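**Student:** Handing you this structure, nothing more for now.
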Amino acid sequence: MAAMLGDAIMVAKGLAKLTQAAVETHLQNLGLGGELLLAARALQSTAVEQFSMVFGKVQGQDKHEDSYATENFEDLEAEVQFSTPQAAGTSLDFSAASSLDQSLSPSHSQGPAPAYASSGPFREAGLPGQATSPMGRVNGRLFVDHRDLFLANGIQRRSFHQDQSSVGGLTAEDIEKARQAKARPESKPHKQMLSERARERKVPVTRIGRLANFGGLAVGLGIGALAEVAKKSLRSENSTGKKAVLDSSPFLSEANAERIVSTLCKVRGAALKLGQMLSIQDDAFINPHLAKIFERVRQSADFMPLKQMTKTLNSDLGPHWRDKLEYFEERPFAAASIGQVHLARMKGGREVAMKIQYPGVAQSINSDVNNLMAVLNMSNMLPEGLFPEHLIDVLRRELTLECDYQREAAYAKKFRELLKDHPFFYVPEIVDELCSPHVLTTELISGFPLDQAEGLSQEVRNEICYNILVLCLRELFEFHVMQTDPNWSNFFYDPQQHKVALLDFGATREYDRSFTDLYIQVIRAAADQDREAVLKKSIEMKFLTGYEVKAMEDAHLDAILILGEAFASEEPFDFGTQSTTEKIHNLIPVMLKHRLIPPPEETYSLHRKMGGSFLICSKLKARFPCKAMFEEAYSNYCRMKSGLQ
């Protein structure tokens, strides 16, 4: 009882102090000072005295508890420092370049500040491994316990994505400035964090273990479909009356969608990669509800337990890999289809991101793809012909290459060299000493993925999207090597540096000039809206045999010409209002039914990248002219080709 009352005293005193600070701030803001301010202080002091008298006996009965509570409250009171508005030196410094002597001592840094890179173009002001407040360094400290038991015993606590900025006495004007600073995207630091829905679950390594998960999914989908039919609640039309390609299966209930996501996030690997590919499709192609479910798949998979993750690192980097690091965050800040990413700080203070591949993923690609396709086909979730055997074979080969982190590191270095002088794009540096076939380490960058960029200004969104489309054309027609994964999380925008970091080069592939020589002529004909030229070049490229029925020929030509619309007009192309995806969606059933031969293998990844880039422009509602960018790419290509001859 005494302990409870002691706590009550501490809370009441704290509330009294808070009330005093609030009253004084409001009186000062209203221009009412002098006697009213003194009266408020007198009332507060009287209240504290009366409260102490009431509980005096209780305090006397248990001096130990009282002294403990008082001691803790005095420590708290000393560190909160509620300065009055009229006190000298209470104004906040909102400059990002505030003096370092106002920051926290380095001894209280609890691991790296994952929001920022300590090197490279995204370096922030402040101590190494320490986050910089968007409001700059300020006077005073807020709830900093210098007698932390962990620190007293020499143990470095981990605090994930902590903000180490400090706050002093606040005036009404300071609060308003802080609100305005928070509202400005340019002044806000950005951090990448693991999805709150991600769970720690062991990756099933053996094929039998993975097969068991797919078997459980198949049974669950069947039960869910029966329940859905029994409820008679299927809706095959969305709110606009437009029917989506994947919106025709009784297996596609909410419960079944969750079953799919849960299984994919657990097994990860090739099956999850296929789900992520579906997540970046337009609503015209995929059921909007399923698209939202797969969005969770795209943002974050589940992550490995510590024991499984450590075993992978010991196997790949050797048992002494920690000797190269000053700090390693055991909880990942990102998890995807093939691996998860951890924060670390090297001995010299450099912050890095370590991507660790899930065990068993590379060895189970074929079985995973077969198992997932069997489940989806059994449940009739995909239209017939959407993933023909030829495409499945291409996906298997691409996923096998993506599991080779040494290959990815080589392509990252290649792109870093190609774009070293680019004013807008940046490729993080590879840290070779912490790389292996299953571990890839790069410098840490800051920013946010492009699916979170919708709140940026129209001008900034236009610039981002314009540069992405120009890069696509340069990759194909100038570099002849392209990063073909258009996942939004592979583009990180940093508003402080006004740069986009390019990530994940596992899906990179090269294109022969024999292919690009013909393909650029197809785009040229589409930009000119020349139907006959598109048909001729499509037959040359073996998109068509020349013996297709008229419906198939027209559908193919219409699809190519629709894609060429953006490059056809000198006027700004409004990606936000265009109906490109809907038009192509309407052509898909015809092409699936009447196609005689599969398209060239190179076009699967190429069109995935081009289509994904257009979708980014659409999501960000970009608006800018595209004809000039293609004309420049075409002229440069022809000039380069003539120089080689």
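Using N, Cα and C of the backbone, Cβ positions are placed for all residues, glycine too.
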**Student:** Out of N366, N490, which is the one Swiss-Prot records at the ATP site of S337, K355, T442, E443, L444, I445, D504?
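**Tutor:** Between N366, N490, Swiss-Prot records just one in the ATP site with S337, K355, T442, E443, L444, I445, D504, namely N490.
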**Student:** Have a look at 173-176, 273-276, 329-332, 537-540 and point to the one annotated motif 'KxGQ motif' in Swiss-Prot.
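**Tutor:** Comparing 173-176, 273-276, 329-332, 537-540 with Swiss-Prot, motif 'KxGQ motif' matches 273-276.
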**Student:** Of 10-13, 334-337, 558-561, which range does Swiss-Prot call motif 'AAAS motif'?
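**Tutor:** Checking Swiss-Prot against the ranges 10-13, 334-337, 558-561, the motif 'AAAS motif' one is 334-337.
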**Student:** Specify the secondary structure state of K355 (ATP binding site) as given by DSSP, simplified to three classes.
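**Tutor:** The residue in question, K355 (ATP binding site), is strand (DSSP, three-state).
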**Student:** Would you mind checking how many other C-beta atoms are within 10 angstroms of the C-beta on T442 (ATP binding site)?
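**Tutor:** A count of 24.
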**Student:** If you measure every Cα to Cα pair among S337, K355, T442, E443, L444, I445, N490, D504, the residues listed for ATP, what is the largest value in Å?
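**Tutor:** Overall maximum Cα spacing for these binding residues reaches 21 Å.
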**Student:** Could you tally the C-beta atoms, other than its own, that fall within 10 angstroms of the C-beta of L444 (ATP binding site)?
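**Tutor:** Neighbour count, Cβ to Cβ under the 10 Å cut-off: 27.
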**Student:** Please classify the secondary structure at E443 (ATP binding site) using three-state DSSP.
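**Tutor:** Going by the DSSP assignment, E443 (ATP binding site) falls within a strand, counted as strand.
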**Student:** Hey, which of the recorded positions S337, D485, D504 is the loneliest by Cβ count within 10 Å?
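**Tutor:** Minimum Cβ neighbour count within 10 Å, taken over the recorded positions S337, D485, D504, occurs at D504.
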**Student:** Taking the Cβ of I445 (ATP binding site) as the centre, how many other Cβ atoms fall within a 10 Å radius?
**Tutor:** 25
